[in-house]
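K.L.:
As annotated by TrEMBL, compositional bias 'Polar residues' applies to 8-28, 478-489. The compositional bias 'Basic and acidic residues' annotation in TrEMBL covers 541-553. Per TrEMBL, the feature region 'Disordered' maps to 1-65, 478-561. Summarising the annotation, TrEMBL assigns repeat 'TPR' to 206-239, 240-273, 308-341, 342-375.
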Amino acid sequence: MAEREQDSTVNQDQCAKQVESGNIQGDEQTPDKQMSDVMSGSSLLAPEAVKSPQPQPRPRPKKAPELPIFECKNWLIHQHYIRKEYELCKSLIKEELQESQGMCEYAIYVQALIMRQEGNIQESLELFQTCSLLNPQSVENLKQVARSLFLLGKHKSAIDVYNEASKMNMKDWEIFHNLGVCHLFLKEYPKAKENLKLAIQYSRHEVSFQMLARVYLLEHDVDMALDIYKRAVEFSPENPDLLTNLGLLYLQTGQFQRAFEHLGNALTYDPVHVKAIMAAGSMMQSHGDFDVALTKYRVAAASTPESAPLWNNIAMCFFGKKKYVAAISCLKRAVYLAPFDWKVQYNLGLVHLTMQQYASAFHYLSAAINIRPKMGELYMLLAVALTHLEDEQNARRAYEQAVLFDQKNASVNLNYCIFLMNHGERKAAVRQFSVFEQKLQEARKHSSSVDQELLDMAARLGPSLHLGENLVWNKQQGADTANSHSQHPSRAPLPTAHTNNAPPTMDKEAPVPTAPPAELEPTAPPPEADLDALPSPPTHPVEEETESRRGDSQRVAVQAD
């Protein structure tokens, strides 16, 4: 008992000291109440009661107000745009612009892109300009403004904007590439080459190589264009477009072996590359391999059945095989697909002349002349048709136009000479024959092969004009015979020539100029596989239409009585 009373006294003393020092935590109490509790021996004095109280939970702070964020839906707009879900994208853009009161830059940017793809270029330009006002330090906004100006045909304004963008980013290859394209459209070729070279220096891309080569071709510098394409092929050896264009340039320069090699490589990497197939088929067609060429064209027709040049070449294959009805059928399809292609009209007139349908030939040749009014061969064929239609006056005028526009084709002067002889104008015929000889000698300097049928007809015509049989070019006639037969296997067959002392006449059974295998023209790639027209966007190679090579087989052979 004594020990318990002693422990109780110690506990009371300790509690009194804690109360005085304020160490006991709990509810706030007055000193009188605390002393009464201590004196009354309440539970505070018990050992079990001296414990720390449970902490009270702190009150949660209030949620901060949500601030409007303009870019909160940009990711969703982007997802719909790359999936080409333009309607959903436009609805989201409309909601975003309403919430941001037209201050969301990305929403306006995507809306401008959609409008430009839909053809509303002016509206897209205004929206891109709005983006530039919201963010004047953005190079991408300026590039899009310049591109919209380019698509509107405002090349000088586009150049100004591109120059301003180049000040912000001095090593952006796309800016300099597009500057080169704009200068190309303005025919400022030196500036175009300078900017395209800078674009290639900063970052090599196939499109820049193609554009630079195109500039050199427009300046008639084929050697530099070849060098550019060689560099491009070294950079991207598996690009079928580059290989095809390089093959076409070799074809243009007469290097057929290299041309066929590069076209074959292009077809190795892409067996259904239409341009390479057309070029290779044209080469086979020019060498008389019509069946092989038709096999190639069959592959191309599966992927591009609406290609007018393709059906034009198929028709000329049938023409070479003397299937004239099939040729006319294919040419009619080609003229339906491309009614303003003068080559198709030319070939239609040619086939109708071969089939002695002179009124139809006159119709198609007149259409070709309306499209290509300064081509001498068209007037020559029109004169042949008019001669068979017994319209002497208009035939004479057509021959005069042919001689005026065509200063290189010797067959024009030869046919005009025969026409004049048939109408008793011997002096004028002699003059045309002398011009024919001069053109023939000039052609021999540039090419070793001359059309043998022209030589045969001239050999028969010379004695009739009392010019003698020992003509200046007659010595090499025998040497050219073998070459001409090997290089022109696609000619329409000529009837046996009959010679006598009477001057040659041009009757209704006279053969007409044979069709070129692929409507080829001198020193240019075939029309089906050429470099196409200038692209509208500045990030694509600019290319113009080039004429096809006409072979020496385009001529009018005349039957002599």
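Including glycine, each Cβ sits where the backbone N, Cα and C put it.
Predicted, not measured: the structure shown is a model, and the values here were computed from it.
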K.L.:
Do you know the DSSP helix, strand and coil residue counts for the repeat 'TPR' (206-239)?
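P.N.:
Here the numbers are 27 helix, 0 strand, 7 coil.
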K.L.:
Please work out the mean pLDDT for the residues of the repeat 'TPR' (308-341).
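P.N.:
For the repeat 'TPR' (308-341), the model's average pLDDT rounds to 95.
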K.L.:
Looking only at the repeat 'TPR' (308-341), what are its DSSP counts of helix, strand and coil residues?
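P.N.:
With helix first, then strand, then coil, the repeat 'TPR' (308-341) has 27 helix, 0 strand, 7 coil.
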